[in-house]
Amino acid sequence: MRLEAAARMDLIKKLWRARKLILVVLIPLSLLPLPLIHPTSEACCAYVLIVTAVYWVSEAVPLGAAALVPAFLYPLFGVLKSSEVAAEYCKDTTLLLMGVICLAASIEKWNLHKRIALRMVMIAGAKPGMLVLGFMCCTVFLSMWLSNTSTTAMVMPIAEAVLQQLISTGVADTQEDSETVEATEDDCLSDREENLEQNQLERLYRRDSCMKQELCTLTELPTVETNGTGRKASKASLGQLSLKQTNGHLPSTAISITEPKEKESKDSRYPTKRDHMICKCLSLSITYAATIGGLITITGTSTNLIFAEQFNNRYPDAKVINFGTWFIFSFPIAIIMLLLTWVWLHFLFLGCNFRETCSLSKKRKTRREMLSERKIHDEYIKLGPISYPEVVTGVFFILMTLLWFTREPGFVPGWTSLFEKKGYRTDATVSVLLGFLLFLIPARRPFSRAPRTPAGDSAERDPDPMAPMITWKDFQNLMPWEIVILVGGGYALAAGCKVSGLSVWIGRQLEPMSGLPPWMVTLLACLLVSAVTEFASNPATLTVFLPILSALSETLQINPLHTLIPATMCVSFGVMLPVGNPPNAIVFSYGHVQISDMVKAGFGVNLIGVLVVMLAIMTWGVPLFNLTEFPDWAIARNVTGSL
């Protein structure tokens, strides 16, 4: 029996190890009757869509590899030609992403991101509440232009250095956290010596009074003290004990014994529970801020790029989604979410005493906070004066933003009106042009003697005086090719749904929802997407839901932007689990937070995000995108698809 049980356990272990391979094989075989029994274009496209979606959600194969499934299944089933599928894997947004990555590579290579982060934290100060807010602001700003994962990986080591400074100071002095420093450190030392003398005096008095069998208040505590509930109070529950002299030798004084602060267990690496809470709050605030910052720009996250490309492909006559309109809509959302998320995290981990944790007064700073500010200042000094490559990178950063905003602002003619042919220039044109120039501009100042290497770079200086700002290796280290292929797979799926008529068929099945008001449809879409994205990757979730929501909007005669934009933003709110998105996993790896902390804090952030997005789409989103009417570009698409 034991041998049989061991054999069964061994078989189960082998099956468990091979579970991904089994899933990869069984899913296509089990769904194969769908295109065989119903050999229509809709059924074949549905088969490819389901197989790809299952691969994405289960992550049985890498996301980029799963995105290649339409490239060979569509031609095999006769949905699209191979050349037509291949054309979907490289779009305008791919070039846009490549240009942005060139700028991101320059920012990271020359430590401009570190200078920005440290400067903003120096402005905010080391008070716990202001420290968290400062890190959140700089993370949001960086995440607008860099990927969420890169931003979190850049900012988290800086935050960890500050947290370690807090912890190391707390180990040396665990009771100074609630005291204010109004004088020099010598005053603090004298106060400490005075407290020590009072404690020695108390012990001498207690021993003398007990030896003489006089009144000793301390020995009567177990029999006379109650805590107001009919139960005897323990020593730990008493905040202060008053001992009055009655033997005639010492003056009648009251000696107070303050209750010590609550400490963590001996095996904990945190001096006090409050220190642990500060570490949790700051760590989680960075991943949430990276998510919030990614909402602001089209290039902030891959999901924004997926939405923009699929929307422009499905509705080529819309001409309403560009860098400017998206920024105007999403920037207020990010500001409101930033403030509410900060308040929520502060309430959850630091309490409601905002005056104590957010005061900017120098008289209310503790010794630990002063040392932390000194540590941050020292790190900033190590960067040295701003270098020539940092200046060039900053100029390119500002120039790219201005050219994006002024291309087609809408209320005034943009710089594209200077050209004769319209519609040829896009945001990708700007980003690729400036990214290309970074490969040409020398990193050394003209007529300078020696180049300055990035701070912390141990590599030897490049002897080439004409070495460019970035090299192809710098670009290749940051270029997310998996995301590029994943986005291309989403475009291929959307093209197949359009050509085969599957999107029209899905829309007809959703006609019973026509009685619901638009805001209810949008809310249901947001809640559904937010729930699914907690367990599946954000790009995969959005790629699956965009065609469905587009067909639903066309069937219900709702402006597609009314549902697509909120769903695109809510798909980024996978913040409750480490597997929700890579920034969560990065923060979780530092060991300050547990899964229960992420679930508790992430649920509140998720709820805040959905409510703020709904507020935006129902208020300033209405006049910005004209959401009260079913637009002509959607009517033309609906009529064409139904023919």
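Even glycines carry a Cβ here, placed using N, Cα and C.
Computed from a predicted structure; not experimentally measured.
Between the stretches 5-29, 380-404, TrEMBL puts its transmembrane segment entry on 380-404. Against the transmembrane segment (519-549), the recorded stretches 127-146, 282-307, 380-404, 483-507 differ in Cβ pairs under 8 Å, and the greatest number is found for 483-507. The list of residues near the transmembrane segment (380-404) in space but at least 6 beyond its ends in sequence, with Cβ under 8 angstroms from a Cβ of it, reads 99, 103, 106-107, 109-112, 114-115, 118-119, 122, 145, 323-324, 415, 427, 430-431, 434, 437-438, 441, 443-445, 448, 452, 454-455, 469. Panel annotation: around the transmembrane segment (483-507), residues 41-42, 44-46, 48-49, 52, 63-64, 66-71, 74, 79-80, 84-85, 88-91, 93-94, 97, 302, 305-306, 309-310, 313-314, 539-540, 542-543, 546-548, 550-552, 554-555, 641-642 of the same chain, lying at least six beyond its termini, place a Cβ under 8 Å from a Cβ of the stretch. Under 8 Å from some Cβ of the transmembrane segment (282-307) lie the Cβ atoms of residues 93, 96-97, 100, 131-132, 135-137, 139-145, 147-149, 151-152, 155-156, 159, 162-163, 321-323, 326-327, 330-331, 333-334, 337-338, 341-342, 345, 427, 431, 480, 483, 486-487, 490, 538-539, 542-543, 546, 564-565, 568-569, 571-573, 575, 581, 583-584, 586-587, 590, 592-593, 597-598, 601, 605, all in the same chain and six or more residues away from its ends. Looking at which of 127-146, 424-443, 601-627 has the most CB pairs under 8 Å to the transmembrane segment (89-107), the answer is the stretch 424-443.
With respect to Cβ pairs under 8 Å, the transmembrane segment (127-146) is most closely packed against 327-354, considering the stretches 53-77, 327-354, 424-443, 601-627. Between the transmembrane segment (601-627) and the stretches 53-77, 327-354, 424-443, Cβ pairs under 8 Å are most numerous for 327-354.
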